[in-house]
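Written below as structure tokens is the structure these notes are about.
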Amino acid sequence: MTNRPLYQIHSQEGVENDTTTASSPSVLEKDEELLKSLDISKSASVSSPLDCQSSSRSLRVTPQVTFIAFPDNIPKPTVQCDLPRPKERIETTQQLAYCNLLLLQEPHSSSSPEQEPTLDKVAQEWLAEIKNDPMEQHHLQWLAYRMVEAFAQDAMKDSTEISEIETYCRLLSSFITEFDKSPLLDVDLLQGLVELVQSASPGYLVSNDLIKILSVLRVRLHDTHQQSSEHPYHLTLAISRILDVMADHRVQDLNRVLEHEPLSGILSGLRGSSDPYLMYQASYAFQALQYVPDNETVLQAVLRHSRGVVGGVVKVTTVLNLNLRSILDGLEMLQETLKYTVDASFTMYEGMCSLKESGKSTLDSLSGAFGSGRKEPWYPALRVAYAFAQAGKLRDLNCLICEAPCRRDPLFQWGICQLLGDIAADPIWPVASRQQAISLIGRLYTKDPNWGQDESVKSWMLTIINKLVLNTDQVVNATARILTQELAAGEAPRYQQPYPLMTCLPLSSASPILSKVQDIPYLEYELDKLRLQRLQEYDDLATYVPPQAKHSLRAKYDELFPLQEKVQEFLTSDRQVMLILGDSGSGKSTFNRHLEHLLWTEYMRGGSIPLFIDLASIDDPEHDMVNKQLKFYNFNDDQILELKLHRQLVLICDGYDESQLSVNIHRTNFLNQPGQWSTTMVISCRSQFLGPSYLDRFKPQSIDRYNSAPQGVFQEAVIAPFSKEQIKDYVEKYVPLEPRAWSSQDYMEKLTTIPNLMVLVSNPFLLLLALDALPGVTKGKEDLSAVKIVRVQLYDTFVSHWLKVNNRRLQSNPLSKEDYDILEQLEEAGFEAMGISFSTRLATAIFEKQNGKAVIHYIQLRDKTTWKVEFFGPDPEVRLLRESSPLTRSGRYYQFLHRSMLEYFFSCAVVGPSRPENDDEFLPHPNSDSSDIQLLDPECPLFTRNLLSEPSVVQFLCERVQMDPVFKEQLLQVMEKSKSDASMKTAATNAITILVKAGMAFNRYDFRGIRIPGADLSGGQFDSAQFQRAELTNVNFGMSWLRKVDFSNAQMEGVRFGELPSLEEHDDVWRCCYSPDGRMLAVGMRDGSITLYNTISWKTVHSLKEHADDIGCLTFSPDSQRLVSGSEDNTVRLWDCITGETLSIFIGHADVVYSVAVSPCGEKVASASKDTTVRLWNLVTGEALFMLQGHTGFVHGVSFTVDGRQLVSGSDDETIRFWDAETGAAGDVWELGQGAVACLAISPDGHQVASGHLNGGLRLWDTATGSVGLALTGHTNIVLSVLYSANGQRIASASFDCTIRLWDSSVGILIGVFSGYYPIFNVSMSPDGLQLASADTSTKTRLWDVNSSEANSGQYGHSFAVMTVAYEPTGQSVWSGGMDKTVRQWDALTGITGFAQALSVSFSFIHSIAISPDFKHTAIGNEDGTIQLWDFQIGEWRPNFGGHAGPVTGLVYSPCGRWIASSSKDKTVRIWDLRNTDQVHVLATMDCGTTRNSNMVFSPTGLQLAVGDLEGTINVYDTQTRVLFKSITLKGELVRSLAYSPDGQELAIGVKGLLVVWDLQSKEPGWGLVVGDSGISRIAYSPCNRWIACGTFDWTVELCRRESSNMGAQSISCSVQGFLNVIHDIAWNPVIPLEFATASYDRSVRVWRISESSEGDAVSVDLVWGSNIGILGAFGVLLKDVVGLDEVSRRVLIQRGAVDDSPPPEI
């Protein structure tokens, strides 16, 4: 057969057997017209596939003219319909499908440069709008998802529902199940399944699903292929389509044995079918199967096939991204790769012609190719053709048909004809395209010689055309009928089987499933509305300054971190609750709102949902708070259930304190429990609201009381005050918000100039108030240093400014006549006063009616008869005042701008803002005549409500006391009236609490008969106060100074002192230990004795006295029956706790035994020693098992692991070592790099090791990895003891800094601090975790109540020993320096702390400290022999200087401040010129000991320096010549202290028990006076030279009065007692006579005043003020005939020095 060029075909005048009528132009004539319209020349030479004579025998033919049936590529065919507007209801499933289809495209896109945009203008505009609305996109997808859910749940599925839902891939499992269980073949269900797979996005298809589908179809095909051909045809077609998808998605795990081979066999079996449709479909499926990789290896494939096949088909879907030429080139390369297949196909084609001539069936020939397993090139060509059609690339499809290398293959032709028939039959295509498809079939039939050589293809083409004649579309029908008439003369055979052309379901006219799911509200819509609402409501972005925070309340402010980063880290962790604490106004709510804003901004559909909950605005947030908040946001029950079951929430719970809660809302709301809300919680609370055990209110707890609480799921952070940089940042953001007269620099200048204002405005809310108030405050004032501001004044000014602005607003606004008249009346009455009165009454009502719950919910109809109508009703006056008040409104909810604003106005109900005559509240108020003072309103909250539960209200009132002397006098009057009027109890209780918290000292105050039940007097000063007959029921005296208080006949039921009694011992206590059963406490003493106590009666059980030296360690066996002790006598002893007998003595250590541990089984004991070894012993036999060597330093701690298999030891060599307890073999070594290990402990669960260090560090380590965990910061000196509570939740540590600290082990939070008198060497905790016992080298074993208020009370001064104290020359302030590395300034009259400077010293221990006479710098003596100078003016260290070879133990300045003298453990005394520290002179080689500064002193002129040593020698040097001037020796005496008289003529010398005065004009000392028993620690002359004050090691100050300056003192005139430790320094006030200050090792700074009787024969010393040291002071307390005092409290007071003169009880 000769192949002619296309132009020759087109140039034919007629067509053989053409029956087209003249009145109806033929399809072929239309083709001619199309060529002309496209301006294609008949002689044009373009690529054509019709030449098969190439030498390479390729099926690629010589160039010829191409048929042009499809002139253009068109937009991808879709079921178009009207597009809904955003948020508009979707009416039909077709509409929903079209919308989702458009979402897969890009706006204004086209598939190629020459192709027109695939979307029309309307669709492009709709798509662009929807692409900018993520929630609307998700809504469309959500509707589809809900349809899938509804379809899957519908037991009865008809064809309408199937066709409605078929495009959504979520139905795969439902379709598979339905199809598999159907006994009869459901063709609709089968077609729905196929189209579902074909239309699914790649991301939704899973290989297992596809394989499962294929398996189900294979089984069904196997069962039906012997039956009628209709069902096998449908199944084979379905298999073909599934295999196509599997090939596209590179499914690689099709099992050869189970699926591949059986399916190949079934398809091969269909070769005997006489049905050409089935034959073709089987061929197609077989080829598709060859392109699905199976699970055999390449080698297996080679062995199985005689010839291997390489490569494979390019993924067909990539055709969408390639141009036609690339596709054709790719197919040609593929055909060359499969050359043997091409050869076979060509041979087969040639054979077909001969077979036809011989009469042999073509199908018989085709069937012979089955089973070879080879890949045919026609299959990928057909896949490309289908892809072109799906993309609307009809012109490219046209060219592919004409130019495909395999176009002569009859199977390729079968597939193309079916595709063209499908296009013509499918109404989704434009009518023109459908006509063009029919035209192309006709051209191929009549004009393409290669397309008609196989009779089966011809018959198939005629069958397709006849099918199209029956199409319901009139145009398609007519076009097909015309072509049928044209081709009728051919008499070609036709097939009669009724197989459909279009193998997809018809569009559904109904949408029953969509109608059903439309009734379900869209969840993401509601979330999106909430997101937009919350983002719009947040308006603090402009001035937001990210806060800094610290880890816990007790953490230091020098270790801050960005709070936002820490919270983000928390949100990505497995923790469940993060508590954010902070003072009122610190920015907790602002941070929470910003966090919510950030989370909503970053919110991604399906992600965690941020939910801000104002706890105060919810009724009963203890239960269902999440549901209540969501309902407030208009979520319905179904949506809430959906969220609860399927979504994660980030709960931002704001204002735990404002809701007045006291329970753990995480527990009461069952959060993170099975079937409950899955949440992460950030919750905020004011620090002032917390009690001793506040962590239990927030940490996640187990609902089941038999299970322990989860560990590691809680975190805490405390917002720090603003730094100067943050304040500046805020000011710079604040100024541009509106036009202002001041610049940022102006504001900062005022803030830094006004005294103490920068400290005040470190609170963010106060900063806002201050910035609003400053212009008015400073107006007309030249000397800003005279302006004094406290917090309450800022509120006063802010409120005044607010009301003035709103008054002007009302005046300028158009008002009704009624409103105008009301406004005039308000102005006549004083608009500002009326506004304050309104807010004050409202705040009072909130506290009275709602118990302080800040949010008011007002509904007019419901509340028109309630108290709320007075403030929110329609009355014009009420409305004007309400709208002018500092309130915020959200719908029907009202609240003050800030919680502190509510508390401020409530405090105004007691005492409001007052104005002195000059109307300037920022100048000091004059004192008022108490006789003119009016009583407070008896109806105010002071009289009607216990204010102790509102610490912020109390704080406002405290500030009123400090600024308003009238209010102070009014409170004192209330207290006085309570003595005679019992109805004044509540008011008196509030009044004295306010005054104590305001810092008022009640020393020597007359409280006789006062009624103050329940008052909080903790931390108060009541030196020598008179409480006789007072009603003190339930009063809190914790940490109060009660020296010489008289409680005679007072009612003291329930009085709390915050401490437990101590156990008195006969010698210094070194160690203590509770037994595991909690019934005994062992106490080890310095003399080697041990006392066993019964912990119920606290009576002695046994006294064990066999050790010869200090007890170094104690531990009980697990059964509490035996006690193990280690001693400085180098031995370990085992004791029987029942009999008190010694059971074993373990001898072997060469030095002190520091630590012992008993194995969990109770059979072994380990001991650690100063000799650097650890030894293991058999506890039963006493046998030495192993000596474990490896440490290079003292071994301070040893412990067994929980399973007893290993030992853990810690040493001075900075390592922790593990040892095998069975073999003694060395294990892991942790090189810590944290300093020497002083102690260690293992947690009860074995997961942590806690180590205490000589540098004050306390670290937690992971036992599994050895990695460092939490750092527990707080101790300022050596950590000497550490332990875990029995349940592992707490860690207790004891330190040389005189404190015990209690920590939460899971998060490292400091829970409490217990302050002692001495360095604490050892701590033990009772098994129930309620008590601590400590050993501090005194003769007492201290017992502590873990839950006492002391554990959470702050200290208001130094945290360690105070070494030096000095008055400024004016006498107005006192300076002190302590071993806590701080220098503080105090008001000499009131004791109010002013300046406080923390010194960043690198050493853990300060050996000496001195303050310069001009108070410009302080000197520190260091361990390495250097001296550091801290410059207060620049806030920096000067360069170090030094030359000592040992620690600097003493420092003293010369009076002029130029010189400084130093003593050291290197036994030298040096003098330094601070103008040039290189100028140093060694004055003497003397051993001055470690008495710090007291044994060196400059003369008043600075020309002499006296130095005393341990041998009793006193040398006096000339500081100018450095020559020894005088020297005396007091034989056998240790010189403890020295002091020059004011005139420099005398030198007072303190030795043990004796004060010696040396007249420097004589050679020998003069008179002496016995002072104390233990020695004099400090001596100081009064400026008048009449008094000598001696501080002693007996904890007293002895005052010696001299009759004249020329005469020695005759006796001690007065003794000041009550100190809790040694007095280190004494300084006299240079201005006020007879006033002096003391500095003590008990951490106190105190000011005293001497009083003399008129006759001079009586002397008394009164306390002016003292710093709060966190310890109860009760020396000299009189307890005569007290009523109701419990025995524990009585014992505590007596141990602290109280006197009980009560008569013995009658028998």
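Here the Cβ of each residue, glycine as well, is placed from N, Cα and C on the backbone.
Here TrEMBL flags 1-11 (among others) as compositional bias 'Polar residues'.
Positions annotated as compositional bias 'Polar residues' by TrEMBL: 17-26 (among others).
Look at TrEMBL and you will find 128-470 tagged as domain 'Arm-like repeat'.
Taken together, the residues of the domain 'NACHT' (577-735) have an average pLDDT of 88. TrEMBL lists 577-735 with the feature domain 'NACHT'.
Under the heading region 'Disordered', TrEMBL lists 1-27.
The repeat 'WD' annotation in TrEMBL covers 1104-1145 (among others). Each residue of the repeat 'WD' (1104-1145) gets a DSSP state, and the totals for helix, strand and coil are 0 helix, 23 strand, 19 coil.
Marked as repeat 'WD' by TrEMBL: 1146-1187 (among others). For the repeat 'WD' (1146-1187), same-chain residues at least 6 beyond its ends with a Cβ under 8 Å from one of its own Cβ atoms are 1112-1119, 1122, 1124-1128, 1130-1134, 1193-1200, 1202-1204, 1207, 1209, 1211, 1219, 1221, 1223-1224, 1239.
Long-range Cβ contacts of the repeat 'WD' (1188-1229) within its own chain (Cβ-Cβ under 8 Å, at least 6 residues beyond either end) map to 1154-1161, 1164, 1166-1170, 1172-1176, 1235-1242, 1244-1246, 1249, 1251, 1254, 1261, 1263, 1266. Per TrEMBL, the feature repeat 'WD' maps to 1188-1229 (among others).
The repeat 'WD' annotation in TrEMBL covers 1237-1271 (among others).
Annotation comment: TrEMBL describes 1272-1304 (among others) as repeat 'WD'. Long-range Cβ contacts of the repeat 'WD' (1272-1304) within its own chain (Cβ-Cβ under 8 Å, at least 6 residues beyond either end) map to 551, 554-556, 559, 695, 708-709, 711, 714, 1076, 1238-1245, 1248, 1250-1260, 1310-1325, 1327-1329, 1332, 1334, 1336, 1344, 1346, 1351, 1359-1361, 1379-1381, 1404-1405, 1643.
The repeat 'WD' annotation in TrEMBL covers 1320-1354 (among others). Residues 690-693, 1018-1019, 1036, 1038-1039, 1056, 1058-1074, 1076-1078, 1081, 1083-1084, 1086, 1095, 1280-1281, 1283, 1285-1287, 1289-1290, 1292-1296, 1298-1300, 1302, 1311-1314, 1670, 1695 of the same chain lie 6+ residues outside the repeat 'WD' (1320-1354) yet bring a C-beta within less than 8 angstroms of a C-beta in it.
The repeat 'WD' annotation in TrEMBL covers 1355-1387 (among others). According to DSSP, the secondary structure content of the repeat 'WD' (1355-1387) in residues is 0 helix, 18 strand, 15 coil.
Residue counts for the repeat 'WD' (1399-1433) under DSSP, split into helix (H, G, I), strand (E, B) and coil, are 0 helix, 15 strand, 20 coil. Among the features that TrEMBL reports, repeat 'WD' is placed at 1399-1433 (among others).
Summarising the annotation, TrEMBL assigns repeat 'WD' to 1441-1482 (among others).
Look at TrEMBL and you will find 1616-1658 (among others) tagged as repeat 'WD'.
When each of the listed stretches 1104-1145, 1237-1271, 1355-1387, 1399-1433, 1441-1482 is scored by C-beta pairs under 8 angstroms to the repeat 'WD' (1616-1658), 1355-1387 comes out highest. Across the repeat 'WD' (1188-1229), the DSSP tally of helix, strand and coil residues reads 0 helix, 23 strand, 19 coil. According to DSSP, the repeat 'WD' (1146-1187) comprises 0 helix, 23 strand, 19 coil.
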